[in-house]
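Visitor: Here you go, one structure.
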Amino acid sequence: MFRIGLTGGIAAGKSVATRRLDELGAVVVDHDQLARTAVAPGSVGLEEIAEAFGTEVIGPDGGLDRPALGRLVFADDEARERLNAIVHPEVRRLSAEHEAAAAARDPRAVVVHDIPLLVETGQAGAFHLVVVVHAPVEQRLERLVEGRGMDAEEAQGRIAAQASDEDRLAGADVVLDGTGSVENLRAQVDSLWERAQREVAQEAEAEADDAALHDSRASGA
């Protein structure tokens, strides 16, 4: 199994890269979706969030009021750390389950972990490749305001709540340029996929050589 950690700042183009990897045959583990599962109605995670932040973050339907929680944590480092301490352990558990299932189906699977906070949570060392989709802050602000209808203050807060571009790029094995067209980014992902396939093949060949050597020694013993 070949493990890729995929990250990037908000509005850098990571979702385009993720969709293309899925189309090419990767097993994509969406950590944002896992985080939603971790705090679904009736979950222990949701109970812990209510205890930590108050019932005002619980909506009328009994689910998490994400905008209300977001207003509390995005500008407050301590509050964000409390939230992460609740959510991240469960996300890691769910992620391990998805990965084990993928390996059981295909030991040579390419598993892509889509992790917005990969750098912030110190997970870079867990992957064969860390891939960062990068676009400068100014361009990402423009995309958030003009493309997603976010006001400038909220957009700046969302970006500030994530790792800096410098920290993110420092941990990258591969950087995908998200400043251009969707087609350009997809072409870069295709090249990344070809690299992953080569590395999977090399890993399989090395395993086969090791097995043959072991068998040879066993037969000669």
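The backbone N, Cα and C atoms fix where each Cβ goes, and this holds for glycine too.
As annotated by TrEMBL, ATP binding site applies to ALA11, ALA12, GLY13, LYS14, SER15, VAL16. Taken from TrEMBL, the feature compositional bias 'Basic and acidic residues' applies to 211-221. Residues or ranges marked as region 'Disordered' by TrEMBL: 198-221.
Quick one: where do these features end up spatially?
Guide: For the recorded site, GLY13 (ATP binding site), the DSSP three-state label reads coil.
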Visitor: So which other residues, same chain and not among ALA11, ALA12, GLY13, LYS14, SER15, VAL16, have a Cβ within 8 Å of the centroid of the Cβ atoms at the ATP site?
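Guide: Here the nearby residues are GLY8, ALA17, VAL133, ALA135, GLY178, LEU185.
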Visitor: Would you say which of the binding-site residues LYS14, SER15 has the most Cβ atoms within 10 Å of its own Cβ?
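Guide: Sorting the candidates by Cβ neighbours within 10 Å, the top entry is LYS14.
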Visitor: For ALA11 (ATP binding site), which residues of its chain lie six or more apart in sequence with Cβ-Cβ distance below 8 Å?
Guide: ALA135, GLN139, ARG140, LEU141, ARG143, LEU144, GLY147, ARG148
